[in-house]
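Participant: Encoded as structure tokens, here's the structure I'll be asking about.
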Amino acid sequence: MAGGFGGGGGEAIAGRAEQYEGKITGYFILACIVGSFGGSLFGYDLGVSSGVTAMDDFLIKFFPEVYARKSAHLHETDYCKYDNQVLTLFTSSLYFAGLVSTFAASHLTRRRGRRATIMVGAVSFFLGGAVNAAAANVAMLIAGRLLLGVGIGFGNQAVPLYLSEIAPYNIRGAVNQLFQLTTCLGILVADVINYFTDKIHPWGWRLSLGLAMGPATAIFVGALFLPETPNSLVEMGRLEEARRVLEKVRGTRKVDAEFEDLREASEAARAVRGTFRSLLAARNRPQLIIGALGIPAFQQLSGMNSILFYSPVIFQSLGFGNSAALYSSIITGSMLVVGALVSMVVVDRLGRRFLFIEAGIQMISSMVVVAVILALKFGHGEELSKGVGTVLVVAICLFVVAYGWSWGPLGWLVPSELFPLEMRSAGQSVVVCVNLFWTAAVAQCFLAAMCHLRWGVFILFAALIVVMSIFVILLLPETKQVPIEEIWMLFDKHWYWKRIVRKDPKYQGHHHHQMAAMPTAAAAAAKSGSSEV
């Protein structure tokens, strides 16, 4: 799939990349493990909030009217059982907080580095877990959620950047996807914990919410031993230190080529003022449209989070009963982990585009099956037969596993690869902001949509996935095996983007200088656009 629409494989787009050296060191592995733990915060919270909102003890204490409605309709398959805007605000307040805090995180990431941002996020998340576990009223619940949201805003801003920058370019896809893998593991762990705490009356939900303090502590302590990324140190002007870290992480003294690329990218970055404003320049239009706006929005509009948030509700509405609902979340959580593992293995071989397109077809088919079953069999007050229920569960699993190897991990990987250094932290802020905005919007609207559109909500998501897949086919070049500081060359040769980026007067001068610095054969290949278009 290398190339497709003007993608071009890594061969033709080689600057100094073939001169990069290094091996996988223990230091690098530690950096990956601690860095990727940031994802577990996000995942744990997603999983816990969906389970806790289905627990009777929690509903009796904070949302008695929802509990009353649920009890009244216990044996009915009713689409409107959980449609309560305050209950939904409990879920989505977190995302609104994350959305606002990501701009502060961007500033911190640029000034103080990726590592400091991860640590601040861990502290905020710890405090949020503590407030939630002790909550005596809805106001305390929401305050705790807001603190968790700030933690997630900072973590999601810094962790994907950290992983993309610390990784050798040829395995960058797999390393960055540790973020998605730990997110999925966080969801799965939360589902298992909910399954057990649901049996502890009346305070099991407090334990579920409070255990979020565990991963937050682990990340903070781990981050004390983490190196800052060489890219970030160069950006802050600490060149000696950057080189030392690069040698240590790569396990070799021969890092001249990679260090030179970093230094040049940093000089280009310093020449650019007004980072958020320069996102709007024509030369950065592809990164803005694909990375900052398109992919993070589509990641949420795929309908996955709706299935995650509300799989307990969907399964409970199917008449599976309380613990069967949490059991169902464990199944979907496991599917996500399987998807993430598959993606890590194949993403640097098959490429990003292949995974997006294949999963698109699988997800559309699954959504249509779910919609058809619900249209024919659901909402008439009777429980579904075993056979029909099984087909529904299998369709949901196929949907989740496809998301798990495509939009889930690639929604964070691809944007973190696309931006040039001068706007990487600003770009990542917009990514997190757009992502959390759509997460909150979908969370806030889904139950109401499910109540009014009924099975049509799944047809709506299927239609959105068709649009997303066409977007990828037409506009996204293949980024596998391309060093992060040379991604811009892909747009220079893309059938559509080249018309836009070449119009920018600054684009010519900025990149002519970088072309000149490249080894002659590679520069010639890049100039002639000899990759397949």
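Cβ atoms are placed via backbone N, Cα and C, with glycine included.
Among the features that TrEMBL reports, domain 'Major facilitator superfamily (MFS) profile' is placed at 31-480. The transmembrane segment annotation in TrEMBL covers 24-44, 86-105, 117-136, 203-226, 288-313, 325-347, 354-376, 388-408, 429-449, 455-476.
Tell me what's around each of these sites.
Facilitator: Note on the transmembrane segment (86-105): residues 45, 49-50, 53, 62-63, 66, 117, 120-121, 138, 141-142, 145-150, 152-154, 156-158, 309, 429, 432-433, 436-437, 439-440, 443-444, 447 of its chain, located 6 or more positions outside it, place their CB under 8 angstroms from a CB of the stretch.
With a cut-off of 8 Å between Cβ atoms, the residues of this chain six or more beyond the transmembrane segment (203-226) that come close are 30-31, 33-35, 37-38, 40-41, 44-45, 48, 51-52, 55, 57-58, 115, 118-119, 121-123, 125-126, 128-130, 132-135, 144, 148, 151, 155, 186, 190, 193-194, 196-197.
Same-chain neighbours of the transmembrane segment (325-347): 47, 50-51, 54, 173-174, 177-178, 180-181, 183-185, 187-188, 190-192, 194-195, 198, 307-308, 311-316, 355, 393, 396-397, 400-406, 408-410, 413, 480, counting only residues six or more beyond its ends whose CB sits under 8 Å from a CB of the stretch.
Here the transmembrane segment (354-376) has long-range neighbours at 1, 302-303, 343, 346-347, 388, 391-392, 395-396, 398-399, 402-403, 405-407, 410, 454-456, 458-459, 461-462, 465-466, 468-469, 472-473, 476, meaning same-chain residues at least 6 beyond its ends whose C-beta is under 8 angstroms from one of its own.
Listed by sequence, the residues of this chain that lie at least six past the ends of the transmembrane segment (388-408) yet keep a Cβ under 8 A from its Cβ atoms are 180, 183-184, 298-299, 302, 304, 307, 311, 314, 318, 320, 328, 331-332, 335-340, 342-343, 346, 355-356, 358-360, 362-363, 365-367, 369-370, 373-374, 377, 468.
Cβ atoms under 8 Å from those of the transmembrane segment (455-476) belong to residues 4-5, 7, 286, 289-290, 294, 298, 301-303, 306, 352-353, 356-357, 360-361, 363-364, 367-368, 370-372, 374-375, 378-379, 407, 414, 446, 449, 496-497 of the same chain, restricted to positions at least 6 beyond its ends.
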Participant: Going along the chain, which residues at least six beyond the ends of the transmembrane segment (24-44) come within the CB cut-off of under 8 Å?
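Facilitator: Same-chain residues near the transmembrane segment (24-44) but 6 or more away: 118, 121-122, 125, 151-152, 155-156, 158-159, 162-163, 166-168, 175, 178-190, 211-212, 215-216, 218-219, 222-223, 225-227, 248-251.
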Participant: Could you pull out which residues elsewhere in the chain have a CB under 8 Å from any CB of the transmembrane segment (117-136), counting only those six or more residues past its ends?
Facilitator: 35, 38, 41, 62, 105, 108-109, 143-155, 157-159, 162, 206-207, 209-213, 215-217, 219-220, 223-224, 226
Participant: Within the domain 'Major facilitator superfamily (MFS) profile' (31-480) only, compute the mean pLDDT.
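Facilitator: Computed over the domain 'Major facilitator superfamily (MFS) profile' (31-480), the mean pLDDT is 86 on the 0 to 100 scale.
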